[in-house]
Amino acid sequence: MDPNTVSSFQVDCFLWHVRKQVADQELGDAPFLDRLRRDQKSLRGRGSTLGLNIETATRVGKQIVERILKEESDEALKMTMASAPASRYLTDMTIEEMSRDWFMLMPKQKVAGPLCIRMDQAIMDKNIILKANFSVIFDRLETLILLRAFTEAGAIVGEISPLPSLPGHTNEDVKNAIGVLIGGLEWNDNTVRVSKTLQRFAWRSSDENGRPPLTPK
(Lines of atoms letter the chains of each structure in order from A; the text may use other names.)
(Lines give C-alpha, C1' and ligand atoms only; values in the text may rest on other atoms or scores of the structure.)
Protein backbone atom coordinates (compact mmCIF):
# COMPACT_ATOMS: atom_id res chain seq x y z
CA MET A 1 0.00 0.00 0.00
CA ASP A 2 1.28 3.46 -0.91
CA PRO A 3 2.41 5.15 2.34
CA ASN A 4 1.21 8.50 1.00
CA THR A 5 -2.29 7.06 0.63
CA VAL A 6 -2.20 5.98 4.27
CA SER A 7 -0.83 9.27 5.61
CA SER A 8 -3.36 11.25 3.54
CA PHE A 9 -6.18 9.22 5.05
CA GLN A 10 -4.78 9.67 8.57
CA VAL A 11 -4.55 13.45 8.18
CA ASP A 12 -8.03 13.63 6.66
CA CYS A 13 -9.41 11.70 9.65
CA PHE A 14 -7.84 14.09 12.14
CA LEU A 15 -8.95 17.19 10.24
CA TRP A 16 -12.49 15.80 10.13
CA HIS A 17 -12.29 15.33 13.90
CA VAL A 18 -11.28 18.99 14.33
CA ARG A 19 -14.14 20.15 12.10
CA LYS A 20 -16.54 17.96 14.12
CA GLN A 21 -15.45 19.77 17.29
CA VAL A 22 -16.19 23.08 15.57
CA ALA A 23 -19.65 21.82 14.62
CA ASP A 24 -20.30 20.55 18.16
CA GLN A 25 -19.63 24.08 19.44
CA GLU A 26 -22.22 25.39 16.93
CA LEU A 27 -19.61 27.40 15.03
CA GLY A 28 -20.24 25.91 11.58
CA ASP A 29 -22.59 27.30 8.93
CA ALA A 30 -24.84 25.22 6.66
CA PRO A 31 -22.20 24.52 3.95
CA PHE A 32 -19.69 23.57 6.66
CA LEU A 33 -22.12 21.07 8.22
CA ASP A 34 -23.06 19.79 4.79
CA ARG A 35 -19.46 18.97 3.90
CA LEU A 36 -18.90 17.45 7.34
CA ARG A 37 -21.67 14.88 6.82
CA ARG A 38 -20.54 14.01 3.31
CA ASP A 39 -16.89 13.70 4.30
CA GLN A 40 -17.81 11.37 7.15
CA LYS A 41 -19.34 8.92 4.67
CA SER A 42 -16.31 9.28 2.41
CA LEU A 43 -13.88 8.54 5.26
CA ARG A 44 -15.82 5.44 6.25
CA GLY A 45 -15.67 4.18 2.70
CA ARG A 46 -11.95 4.90 2.39
CA GLY A 47 -11.25 3.25 5.74
CA SER A 48 -13.08 0.12 4.64
CA THR A 49 -11.24 0.06 1.32
CA LEU A 50 -7.83 0.56 2.96
CA GLY A 51 -8.56 -1.74 5.89
CA LEU A 52 -7.66 1.00 8.39
CA ASN A 53 -9.32 1.84 11.70
CA ILE A 54 -10.58 5.44 11.71
CA GLU A 55 -9.92 6.02 15.42
CA THR A 56 -6.32 4.85 15.12
CA ALA A 57 -5.84 6.80 11.91
CA THR A 58 -7.15 9.95 13.63
CA ARG A 59 -4.54 9.67 16.40
CA VAL A 60 -1.71 9.19 13.90
CA GLY A 61 -3.07 12.05 11.79
CA LYS A 62 -2.96 14.30 14.84
CA GLN A 63 0.73 13.49 15.32
CA ILE A 64 1.48 14.29 11.67
CA VAL A 65 -0.35 17.63 11.82
CA GLU A 66 1.26 18.60 15.15
CA ARG A 67 4.71 17.88 13.73
CA ILE A 68 4.04 20.00 10.65
CA LEU A 69 2.64 22.90 12.69
CA LYS A 70 5.62 22.77 15.01
CA GLU A 71 7.97 23.16 12.03
CA GLU A 72 5.81 25.75 10.23
CA SER A 73 6.67 29.41 10.71
CA ASP A 74 3.92 32.04 10.86
CA GLU A 75 5.36 33.77 7.80
CA ALA A 76 5.31 30.57 5.75
CA LEU A 77 1.70 29.99 6.80
CA LYS A 78 0.72 33.48 5.66
CA MET A 79 2.39 32.94 2.28
CA THR A 80 0.64 29.59 1.82
CA MET A 81 -2.76 31.07 2.59
CA ALA A 82 -2.17 34.03 0.27
CA SER A 83 -1.17 31.83 -2.67
CA ALA A 84 -3.91 29.22 -2.30
CA PRO A 85 -6.87 29.67 -4.67
CA ALA A 86 -10.17 30.17 -2.89
CA SER A 87 -13.13 27.96 -3.73
CA ARG A 88 -16.78 28.96 -3.41
CA TYR A 89 -19.61 26.79 -2.14
CA LEU A 90 -22.83 27.10 -4.15
CA THR A 91 -26.20 25.80 -3.01
CA ASP A 92 -29.34 25.11 -5.01
CA MET A 93 -30.79 22.93 -2.27
CA THR A 94 -31.67 23.59 1.34
CA ILE A 95 -30.41 21.31 4.11
CA GLU A 96 -33.89 19.77 4.23
CA GLU A 97 -33.84 19.00 0.50
CA MET A 98 -30.39 17.43 0.80
CA SER A 99 -31.11 15.30 3.86
CA ARG A 100 -34.65 14.18 2.94
CA ASP A 101 -35.13 10.44 2.43
CA TRP A 102 -36.78 9.37 -0.82
CA PHE A 103 -38.08 6.15 -2.30
CA MET A 104 -38.25 4.70 -5.82
CA LEU A 105 -41.10 2.60 -7.20
CA MET A 106 -38.93 1.33 -10.07
CA PRO A 107 -35.35 1.91 -8.94
CA LYS A 108 -32.46 2.11 -11.36
CA GLN A 109 -28.87 2.60 -10.27
CA LYS A 110 -25.72 3.05 -12.33
CA VAL A 111 -22.12 3.73 -11.35
CA ALA A 112 -20.29 6.13 -13.64
CA GLY A 113 -16.66 6.38 -12.54
CA PRO A 114 -16.57 7.79 -9.00
CA LEU A 115 -20.25 8.81 -9.07
CA CYS A 116 -23.47 6.91 -8.36
CA ILE A 117 -26.59 7.72 -10.41
CA ARG A 118 -30.02 6.75 -9.12
CA MET A 119 -33.42 7.40 -10.67
CA ASP A 120 -37.03 6.26 -10.44
CA GLN A 121 -38.08 4.78 -13.77
CA ALA A 122 -41.75 4.97 -12.74
CA ILE A 123 -41.76 8.75 -13.22
CA MET A 124 -43.40 9.77 -16.52
CA ASP A 125 -44.58 12.99 -18.20
CA LYS A 126 -43.28 15.28 -15.45
CA ASN A 127 -41.46 18.60 -15.47
CA ILE A 128 -38.21 18.01 -13.61
CA ILE A 129 -35.55 20.41 -12.33
CA LEU A 130 -31.99 19.38 -11.42
CA LYS A 131 -30.48 21.08 -8.38
CA ALA A 132 -27.03 20.61 -6.86
CA ASN A 133 -24.76 21.75 -4.06
CA PHE A 134 -21.10 21.93 -5.04
CA SER A 135 -17.89 23.92 -4.75
CA VAL A 136 -16.40 25.98 -7.57
CA ILE A 137 -12.81 27.04 -8.23
CA PHE A 138 -11.42 28.89 -11.25
CA ASP A 139 -15.00 29.26 -12.48
CA ARG A 140 -15.43 25.47 -12.79
CA LEU A 141 -17.06 22.83 -10.63
CA GLU A 142 -14.52 21.50 -8.13
CA THR A 143 -16.42 19.02 -5.95
CA LEU A 144 -20.00 17.80 -6.25
CA ILE A 145 -21.61 17.32 -2.85
CA LEU A 146 -25.00 16.13 -4.09
CA LEU A 147 -27.28 16.55 -7.11
CA ARG A 148 -30.98 15.74 -7.02
CA ALA A 149 -33.86 15.79 -9.51
CA PHE A 150 -37.14 17.29 -8.31
CA THR A 151 -40.64 17.35 -9.78
CA GLU A 152 -42.65 20.57 -9.71
CA ALA A 153 -44.38 19.21 -6.60
CA GLY A 154 -41.00 18.85 -4.88
CA ALA A 155 -40.73 15.06 -5.01
CA ILE A 156 -37.21 13.66 -5.44
CA VAL A 157 -36.98 11.35 -8.47
CA GLY A 158 -33.25 11.13 -9.16
CA GLU A 159 -29.84 11.68 -7.62
CA ILE A 160 -26.12 11.85 -8.36
CA SER A 161 -23.74 11.41 -5.44
CA PRO A 162 -20.01 10.71 -5.00
CA LEU A 163 -19.08 7.15 -4.08
CA PRO A 164 -17.51 7.13 -0.58
CA SER A 165 -15.10 4.37 -1.62
CA LEU A 166 -13.84 6.34 -4.65
CA PRO A 167 -13.07 9.88 -3.48
CA GLY A 168 -12.26 12.51 -6.06
CA HIS A 169 -14.01 13.33 -9.33
CA THR A 170 -13.57 15.76 -12.20
CA ASN A 171 -15.84 18.28 -13.83
CA GLU A 172 -16.14 15.89 -16.79
CA ASP A 173 -17.20 13.04 -14.48
CA VAL A 174 -20.05 15.19 -13.21
CA LYS A 175 -20.99 16.37 -16.69
CA ASN A 176 -21.16 12.79 -17.97
CA ALA A 177 -23.25 11.68 -15.00
CA ILE A 178 -25.70 14.54 -15.56
CA GLY A 179 -26.05 13.42 -19.17
CA VAL A 180 -26.87 9.87 -18.05
CA LEU A 181 -29.45 11.08 -15.53
CA ILE A 182 -31.11 13.42 -18.02
CA GLY A 183 -31.19 10.71 -20.68
CA GLY A 184 -32.81 8.26 -18.29
CA LEU A 185 -35.47 10.74 -17.19
CA GLU A 186 -36.22 11.93 -20.73
CA TRP A 187 -36.70 8.32 -21.86
CA ASN A 188 -40.04 8.36 -20.04
CA ASP A 189 -41.15 11.62 -21.68
CA ASN A 190 -40.16 13.81 -18.76
CA THR A 191 -39.03 17.38 -19.46
CA VAL A 192 -35.75 18.07 -17.68
CA ARG A 193 -34.22 21.44 -16.88
CA VAL A 194 -31.24 22.41 -14.76
CA SER A 195 -30.79 25.22 -12.27
CA LYS A 196 -29.01 28.34 -13.49
CA THR A 197 -26.09 27.65 -11.15
CA LEU A 198 -25.66 24.10 -12.41
CA GLN A 199 -26.04 25.23 -16.01
CA ARG A 200 -23.28 27.79 -15.59
CA PHE A 201 -20.66 25.72 -13.81
CA ALA A 202 -21.29 22.05 -14.62
CA TRP A 203 -23.54 21.36 -17.58
CA ARG A 204 -22.75 24.31 -19.88
CA SER A 205 -25.38 23.44 -22.51
CA SER A 206 -23.64 20.31 -23.71
CA ASP A 207 -24.29 19.56 -27.36
CA GLU A 208 -21.74 16.85 -28.13
CA ASN A 209 -24.54 14.54 -29.27
CA GLY A 210 -26.47 17.18 -31.17
CA ARG A 211 -28.77 17.91 -28.25
CA PRO A 212 -30.26 21.43 -28.06
CA PRO A 213 -29.12 23.44 -25.03
CA LEU A 214 -31.18 22.93 -21.91
CA THR A 215 -33.19 25.92 -20.79
CA PRO A 216 -32.30 27.07 -17.27
CA LYS A 217 -35.20 27.43 -14.90
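Every residue, even glycine, has its Cβ placed from backbone N, Cα and C.
Range with Swiss-Prot annotation motif 'Nuclear localization signal', chosen from 4-8, 34-38, 59-63, 164-168, is 34-38. Residue counts for the motif 'Nuclear localization signal' (34-38) under DSSP, split into helix (H, G, I), strand (E, B) and coil, are 5 helix, 0 strand, 0 coil. Long-range Cβ contacts of the motif 'Nuclear localization signal' (34-38) within its own chain (Cβ-Cβ under 8 Å, at least 6 residues beyond either end) map to 16, 19-20, 23, 28, 89, 91, 95, 98-99, 133, 145-146, 162.
Here the region 'CPSF4-binding' (180-215) has a mean pLDDT of 75 out of 100.
Secondary structure of the motif 'Nuclear export signal' (137-146) per DSSP, as helix, strand and coil residue counts: 0 helix, 8 strand, 2 coil.
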